[in-house]
């Protein structure tokens, strides 16, 4: 029974993928979209079923499918683990996934390859489910790489544009760098525990602690973190995510905001019992998270591409989540993941709606004044913006505030960084809102003429997500957290006691809100009061230029890593390869030269031949009878 | 014994046939006769006897080698039919000379007395001088004949001097006596100098470095069929005799002597192979290849008690491949002035079977399985390593690598280049000999035991 | 029934193909290779039932040589690889019109015969003969039916031939030496031999020459790229799909158990060299202009990793290496086939001249994409199973090995995706590109199906090879 | 006869024939006229004949003298063939200088 449901959960999207790939063309545009959506909805309902089961019984469900790989000392099975954590992820992956599928039916309607789009989306959902429900690290790794693949396919969906393809390739390779870390982490864990199964590792960790293990464990968790930072776009591997916005907007919403990029957080939460043992690595995670959040937020301040702003905002928010992870507050990170999924998906879809209305225009300098024409979009966008900026009682406020609180308790410096990042977030999000929806429209006349609210299939998901952005915080209210309670079995150590809501806590809340308001205020004065419009690219100067060019990180990577590899490749190709070849030919050339010389010896002169004969005779005799 | 007599009779019959105007029948008669002699010889296989005061000894060794020589002569005589088509009046001479050459060859391996050895050697050599110079109008043939003659008789003189010295030391030409003398400590230095001179003379005959200079020139200049005779029959006769001499005379062959053989072997292989790299005339190329094969064969001398079988296998493989190759060369270059490799261009297209035969024979010489040349090299190297000469084995290996290059040069010319002339029909005899020889070559490759276990 | 039947079918196939005439040759060859595959499946079935399918008969007594074939799981896996790839390779060539097709296909069949023999032989001498024998057909295939300038090709092919021949001759010396010691070429006799450290070292080195050139491990690889480029695609597939595996298989079957202590001694050097090959191949592949050359260097990188796995001397290493050999055999054949398909339509192998194919031929693109992904060892493909296991074994040896060797997953993705992007994506190409035909499709589907199925369920193969590898490990430890 | 050998010593004969043999060798090496080279070969062979006869006497064994007859017959046959070749060379080249025969080389 459970096995078949699990198979249904897994295979529904996969069947959707297959049928869309093979019969998508015959199904027609809407048909393939509906099929794709249905596949995910089925998974969503199965997830709901399991969720109700598990939250009732509190017993995780384990399903053994088949044996997979055998290694020297242990074997890796294809098992499915449905516990509180994976179900939570399943719910929002399939839930938001369903919404975005619905959205895409309309959004991608004009694309000739829409069936492929849905095929890839289904495949993505399939891999994401695999990632989440795998009961050991290697199955997670299948999903991990699989979602990377789908991300590659979807970023490069418009494959005629080589820049998009570049972005796709970059995403895949950056992810692979992380994946190598992940893989090494897996090796070390396999070596230490002779298993990759989460539950078995957990038992091993909880029962015995071996000092020898600890050193290796730090390396393992560090490697795993590298893996996570690849997938979840942390420093130094974050540069692919902004580029990934080349894909269609629903993809950005689903993969590059709500689900895939949170896989790193999922993995670390999954392995919280390991990370708990390695405080050094936790510190690294916290610092990296904090810095990422600040750097990304600062870049977000000056971006003009609507999706780029959202992308940097995503990186920044992910940084905050990693900060929480690093401080051991896994449940807080999970909480933020969920609320972030709601409001960020809403933001992306909203921006998609705007782009849709403007026929592909993404530059905010060419927007403005859309709130009249696109009421639903504006409203939902506003809700989500408030949520991300941390205004109570929207969802983002609670989650972000908890992170800040944890940071305040653990490390003041990190707290300051996170707080600054939050303020920046509020600023650039409202900058985005103002530039897009307020004031006069700055685009062409023709665009203005065609401005329209998006159809129902687009606005419906927006509304659902908008509502979730408002009420999502309810799952973990300070002091009475359902989420913490629900997730308790997952953690090795009980979650941080829900902070006693004392003066400090209220002070912090107030501080956060004030900070957010300051950010909003600055944005308001700049873009509403003074009606500023960001400068054209060529006019940007000073530090803003550095920010606008993302601290030149891409250029630096290009110059320090990619270019040298290319030159090395050319050098090896042109010189070393030919050189090695020449060495081999050199043997031939030597023999050949000898042959040429030898030909001179063979001069046809019989006198010489006889002389050689006598010489040979004499030397043999001499050697045998005189040298002996 | 009866083999020798029968061969002599057959030779006389050839000459008589001319007198009785049976010119057309000469070759069929000879072939039939040789087949009969071959059969007769093979039946003698298990007998061990000596005749005429131990002048002629018949044992497994001599019978095996004699059979091989007869077989080779059979092939060569068959090839003659077409080769001497334009000189019908000389056929009986050429055939008779070949038969007498065979007589000398059989006498050489069957000797029980140095006198017999010397006579056999001279019969063989003189026949070859004649054959080498057998195109009196061709300057090349003249030159080849002259060079071969001068150097050959010089070598004969050296061998004769060696024989005289041995005689001086042993007071007999009988091989048994010599064997005993070689094993006794009292034997004087004369004896060893004599052995040494005979060795050098024989090294000349098998064309080992540095006594090899005649070979390429003579091979190139002599008529192609003569070259075939020299490179197959004459070479292995000399080798077999040399081997037998060593068995008799080097009862306590000392280390220094072995060192000489090792050095000469390495030099022969290396010089032969390297010189062959830059040759454009296929006969000349095969001459150098033959020099390197002589180097390989010399390895057999280092492990005298065990290597008879290996040596026999080696010479069989080598000569069969050589005969097959020469059958193709005769076919291709019959109407040409020389034997440039370019004539082989496109043979694969014009005549796939002949091209395949030549490829197979070259592959066999290069030592590539499943052709018997590989097994031959393997057996010899195996024995050499057993004797402890790793250095020689390595030298042999390196030389095999070098040799691949020039053998494959011909092969790739046959298959990749465009033919520069129209197709021409293959004479039936060439076809038969080529296919038969290479077939035998592959057969002994598949079943090496049938030869290895003979001796 | 014993394994000789497979050999006989293949040999008979070669002969019949030769006499079947140019028109029917490809079909006859396909038929016989398919029958051979069927026969090897039956052998496999027998083997799984515990019946010994080996064969042994005296060939010569002096020297003591047996015609003996050993059919354990490892050998059977490799035989199956050969017999399954051969019909695929033949099928893949159906779109080509070769001159003298009968010769061509007869050579292909003969090569399959020789390679199968190499995998089965358990007498060192017999093994060596098959090993050398497989070299002749590929020489002619590459020389006569290859592409590009004839003189250049000749040079490349003869270099390949002499080079590999040279290597294997050193192996022959090793074998002769062992024979002197053991008095037999039999595998188990050679395993049982007690050699001194010096002897082992030299024996190991002699074998290493042969295998390093065949596999190839840097810096012995210089023949590879040129020959792959110049050979006809069928030849390239045979070379890269099966023949390279002969080298790797031989490492496991012959070199390591015979000279285990030397292998242990040289472990770090040789694993290091192999891994250096991984990086080197990957980096050189990045900037290749010719598609086939790029694939050649990718192959260099992959086999480097496999070799590294072999030389770790661990169960995981050997097992992963075998798995990866099989996987790589399939994927590289598929990739070269993709290159061939592009060549059939565009008559170019220069990557820069391609591009924009995706919008014209979605099916081909998808199949090519899947192969590319398999080649970069995406989890879910069989390649991942192998690569993961190999990397795990490297990790067991040394963390640094795993990290450096692991860069293959990054660099591999780098050059493969770069190639894919340049060759397939971008603005629609002006030249028309017909999508895959039925025959072509079958080849792709079979290859991809195999890779995906065993990627998820490698158990049958793992179970097949593990016992024999454990047997071998007994001799190594 | 015996006492003559004893008086002179068999070694002396050996040295003499070795000397003759060397004269033949040097003749071959240094002269370029084919006829003279033939003669040098004859000197070599005759040196051996002398040696054989001397040893035959020394050992009181007739076989050595028999051998000399063989050797003389062979030498005659050899020279006959050699002269035949020389004649055809002379016809073709008009010279019997051995240095003219250098066409086959390399």
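In case you wondered, yes, glycine gets a Cβ from its N, Cα and C as well.
According to TrEMBL, the domain 'NADH:quinone oxidoreductase/Mrp antiporter transmembrane' annotation covers C:122-406.
What TrEMBL lists as transmembrane segment is C:6-21 (among others). Within the same chain, residues 28-29, 31-33, 35-36, 39-40, 43, 69, 79, 83, 86, 102-103, 105-107, 109-110, 112-113, 116-117, 120 sit at least 6 positions outside the transmembrane segment (C:6-21) and bring their C-beta atoms closer than 8 Å to a C-beta of that stretch.
Feature annotation from TrEMBL assigns transmembrane segment to C:28-47 (among others). Same-chain residues lying 6+ beyond the ends of the transmembrane segment (C:28-47) with a Cβ under 8 Å from its Cβ atoms: 1-3, 5-6, 9-10, 12-13, 16-17, 20, 53, 71-73, 76, 79-80, 83-84, 86-87, 90-91, 105-106, 108-109, 112, 116, 464.
The transmembrane segment annotation in TrEMBL covers C:67-91 (among others). Long-range Cβ contacts of the transmembrane segment (C:67-91) within its own chain (Cβ-Cβ under 8 Å, at least 6 residues beyond either end) map to 2-4, 6-7, 10, 26, 29-30, 33-34, 36-37, 39-41, 43-44, 47, 52-59, 105, 108-109, 112, 115-117, 119-123, 126, 186-187, 234, 237-238, 241-242, 245, 249, 252-253, 322, 325-326, 329-330, 333, 439, 442-443, 446-447, 450, 461, 464-469, 471-472.
According to TrEMBL, the feature transmembrane segment maps to C:103-122 (among others).
Annotation source TrEMBL lists transmembrane segment at C:128-148 (among others).
The feature transmembrane segment is assigned by TrEMBL to C:160-179 (among others). Residues 63, 124-125, 128, 131-132, 135, 139, 142, 185, 190, 193, 199, 202-203, 205-207, 209-214, 220, 222-223, 226-227, 258 of the same chain lie 6+ residues outside the transmembrane segment (C:160-179) yet bring a C-beta within less than 8 angstroms of a C-beta in it.
Under the heading transmembrane segment, TrEMBL lists C:234-254 (among others).
The transmembrane segment annotation in TrEMBL covers C:266-287 (among others).
Annotation source TrEMBL lists transmembrane segment at C:294-315 (among others).
What TrEMBL records for C:321-343 (among others) is transmembrane segment.
According to TrEMBL, the transmembrane segment annotation covers C:364-385 (among others). For the transmembrane segment (C:364-385), the list of distant contacts is 298, 302, 323-324, 326-328, 330-332, 334-335, 338, 341, 357-358, 409, 412-413, 416-417, 419-420, 424, 433, 435-436, 441, 444-445, 447-448, 450-456, 458: same-chain residues at least six beyond its ends, Cβ to Cβ under 8 Å.
For C:397-417 (among others), the entry in TrEMBL reads transmembrane segment. Long-range neighbours of the transmembrane segment (C:397-417) within the same chain, counting only residues 6 or more positions beyond its ends whose Cβ lies under 8 Å from a Cβ of the stretch, are 267-268, 271-272, 275, 278-279, 282-283, 285-286, 294, 297-298, 301-302, 305, 308, 312, 314, 317, 372, 375-377, 387, 390-391.
The stretches the transmembrane segment (C:294-315) and the transmembrane segment (C:234-254) are in mutual contact, each linked to the other by at least three Cβ pairs under 8 Å (pairs 6 or more apart in sequence). Residues 74-75, 78, 81-82, 85-86, 89-90, 92-93, 96, 104, 108, 111-112, 115, 118-119, 124, 127, 131, 134, 138, 141-142, 145-146, 187, 190, 207, 210-216, 227-228, 292, 295-296, 299, 303, 306-307, 310-311, 318, 321-322, 325, 328-330, 332-333, 336-337, 469, 472 of the same chain, all 6+ positions outside the transmembrane segment (C:234-254), place their C-beta atoms under 8 angstroms from a C-beta of that stretch.
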